[in-house]
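> Checked TrEMBL, it gives:
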- 36-58: transmembrane segment (TRANSMEM)
- 221-240: transmembrane segment (TRANSMEM)
- 247-270: transmembrane segment (TRANSMEM)
- 303-323: transmembrane segment (TRANSMEM)
- 353-373: transmembrane segment (TRANSMEM)
- 401-431: transmembrane segment (TRANSMEM)
- 553-577: transmembrane segment (TRANSMEM)
- 583-616: transmembrane segment (TRANSMEM)
- 648-678: region 'Disordered' (REGION)
- 648-662: compositional bias 'Basic and acidic residues' (COMPBIAS)
């Protein structure tokens, strides 16, 4: 009895496993929350990020950054408490709201900060002050003392401390910065050394002025060209389905012809080299040895190696093109359907704007909190300058590292939310047979499903990318810090590790994207979705390779097309400026921006194509077009499936005929002599 119970229990477990593995693979109406512990962990992490901001505000770091503070630890515009061990601290600066630097041009380029003593003053000098008598007059007239607090204003010209405790003469005319209350010189010529460090590629300052003047004169044209690049990117996503076939076959033809031409040229060079060597060898052997140096003989061997390698590469390429020609047709069909997706879901074109806005807001917040951390902590006197600085000590130093991890994780989380939103909308489009019955706003429905059910999955996927990206960034930082100091082996090892981590990050990004699509279909957890998507991708490995190779290159050509069209329009619009040197910087700005815009938009197109392929692979695996198992795919993909089936049937008939002929030949063997009847 016990054995029967055990066997029945094992059978039930097998049935349960089969039920789990055999899924419907279509968008579920009844969904459940996925990866809830990871959502809670991400929420706790975000609360920690907010706590860092609250800590900097509570301890005065935010106020010191915004209002400024002097070299004695006093915050300008406020009543301050005395700092133990720091003279002239604890002063009432209610009427002194501006930070004034005694030597604003003393900039530490490496540490990116001003090394001058800072004071809180009630007024920035509106005019140039050339002598200490002018400093006295300005202080007595306006009540704004520009020398250290312990020096009386009426004795400025006679004090010995005026050379170390008073501003460097002449004091330039300055104005306060908006919001940050720092007295900044109106004439920025004193920052020439800093500017030279930033633009060291410009040897002649006149060239720099002409380039900047060209940008200033062409700012309207630059803005117009950027809008043009935006419009071209949106148009290309819609019309690429009409030109994808032409682009793919032109690309394929150029690659094949280029490899054949390169191989032919190498063989021609080798044959020409051999003929020249034979002509020289027909002469006197001694003269031939003198005329043909050792390097020439090595050159012939090198040409032979190059030609043989090119021949092998060309043969492999031709075989790949031969076996993958059907899959190239699938890429074209997917591009065609992706264009239809953008027609039915026009709000997809807004995804780059929303993602960029979310990233921009988060980055601004992150930078502000980082600056707050720079002015938070315990006051310490710098032994080199004697100035008071605020630094995090003890365990508080780890707040900066926590904040840095937050930059990577939350940025990846925002990008993953975009991928999940696009995947959810595309899945809804694909698995809706009647496109007229699509939801009113599939994008909004996808966002609501993401927020309600799948934030934990997105948090887990983005955390995995963070675990790979942070070590790569650390290794890149170490490599830059040790540049010129490490030996060859260490440099090679660092570069190898960075390259391997980069490749791993790209692979995980692709797998995560497909895992999000599987979650959008089945409402399963991240690990389950990643496993299911990985199985589907492995089963269609050749198709995946073709789509990624051909599709990515076509999209790259699209980016180059947008950039060149925008640059060409820029040349036509800038033609009225006869000083061609002024074209350079505006055109560079326009080209970079147009390529960035094209990349943002076409990356959405790439996500759509990848999700469509996963849906297509699932559709063809679990459906065959028979009643009850009808396909969900679009007409263009259906035509591809039908053509593939026709080719398979034709191939099957050909193989069956060969087998029949072989069997008939075996049956009709000639009889041995002497066995025939009389």
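Cβ from N, Cα, C; glycine included.
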> Checking distant contacts: for the transmembrane segment (401-431), what same-chain residues at least six beyond its ends satisfy Cβ-Cβ under 8 A?
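Same-chain contacts beyond the ends: 26-27, 42, 45-46, 48-49, 52, 341, 344-345, 348, 351, 354-355, 358-359, 362-363, 366, 369-370, 373, 438-439, 442-443, 445-447, 449-450, 454, 457-459, 461-463, 465-466, 469-470, 473, 512-513, 516-517, 519-521, 604, 607-608, 611-612, 615-616, 619, 632-634.
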> When each of 221-240, 247-270, 303-323, 353-373 is checked against the transmembrane segment (583-616) for Cβ pairs under 8 Å, which one has the most?
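Answer, by Cβ pair count: 221-240.
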> Could you name the stretch, out of 221-240, 247-270, 303-323, 353-373, 553-577, with the greatest number of CB pairs under 8 A to the transmembrane segment (36-58)?
353-373
> Please give the sequence-distant neighbours of the transmembrane segment (303-323): residues at least 6 beyond its ends with Cβ less than 8 Å from one of its Cβ atoms.
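Result: 252, 255-256, 259-260, 262-263, 266-267, 269-270, 273, 542.
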> How about long-range neighbours of the transmembrane segment (353-373): same chain, 6 or more residues beyond its ends, C-beta under 8 Å?
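Same-chain residues near the transmembrane segment (353-373) but 6 or more away: 49, 52-53, 56-57, 61-62, 65, 392, 399-400, 403, 406-407, 410-411, 414-415, 417-418, 600.
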